[in-house]
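Quick look at what TrEMBL annotates:
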| type | residues | note |
| --- | --- | --- |
| SIGNAL | 1-17 | signal peptide |
| DOMAIN | 34-66 | domain 'Leucine-rich repeat-containing N-terminal plant-type' |
Amino acid sequence: MRPHLPLLLGLLSTLQASPPPPPTNPRLEAAYIALQAWKNSIVSDPKNLTLNWHGPDVCSYFGIYCAPSPDDPHTTTVAGIDLNHGDMVGHLPEDLGLLSDLALLHINSNRFCGTIPKSFAHLRLLHELDASNNRFAGPFPDVLLCLPSLRYLDIRYNEFEGKIPRKLFDLPLLDGVFLNNNRFKSRIPSNIGNSRASVIVLANNRLARCLPSSLGEMTGTLDEIILMNNGLASCVPPEIGALNVTVFDVSFNKLAGPLPDSIGDMKSLEQLDMAHNRLSGEIPESVCGGLKRLENFTYSYNYFEGGAEELFGVEGEG
């Protein structure tokens, strides 16, 4: 029986109206392999963020952002991935190393486990990694120390453990370091002063012993440093007076001895938190007289001698 002519014409019209398949290139083909491997490794995707991850047009996938390649403006490549707050369960496959032009990877607030793949060593353009609030575990992912373009590293609220590597603070471009709320257990590396970062947050780990004097060497770059609740047990080194930070938080540690007069030289300070330590002696008058921008000074639960009330008019916080 011959096909019905109107039906044939309608089918032909539909085929002619369908858009042609998107152009592809070796980089997008590699990205397709990587993203399909990642999709297959995800065992739960409650918000269906990867629902449209099918077919070769990876630039149409949710959370995938394409751009011209830096070394060839005529070649389209995957430049960014943003899958924040997906509550997805799974792991990161080694195939993600095929995304060689990736500059931004945001996967915070999911339930990815395992660790960062060794293949990330191929992501030479990656400058922003946010893998916070997941379930990654194991030692610090040393593969990240090999990334020459890395500027922002956020792996807080995971289960990483062991030592914080010295090499981390030698990375010349790293501007933001967020390692808080993990299980790191070591000293703060003595070369932390080599870092050019503007923000360093190492809070809520187990970084016992001393507060490195090399902190004072970050005077030209550091703006905020938060080291609270780490079990630090030493004096407060006078070298910190060289810092131009706006936030300095070493609360909930075991720091002892007097506060150095050099704190009064930290002219940019807005938030100073020394509470819940074992500090003693008198609070230097330079704190009140020299810190004109200071909005909050918390010093409660220490062993300071009298004088704080005269300086600030309240007990424990000024």
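Yeah, the Cβs are placed from backbone N, Cα and C, and that goes for glycine too.
TrEMBL labels come from automatic prediction, so no person has curated them.
These figures come from a predicted structure and were not determined experimentally.
Long-range contacts of the domain 'Leucine-rich repeat-containing N-terminal plant-type' (34-66) within the same chain: residues 21-22, 24, 28, 76-83, 86-93, 95-99, 104, 111, each at least 6 residues beyond the stretch ends and with a Cβ under 8 Å from a Cβ of the stretch. Confidence in the domain 'Leucine-rich repeat-containing N-terminal plant-type' (34-66), given as mean pLDDT, stands at 98. Residues in the domain 'Leucine-rich repeat-containing N-terminal plant-type' (34-66) partition by DSSP class (helix H, G, I; strand E, B; coil) as 11 helix, 6 strand, 16 coil.
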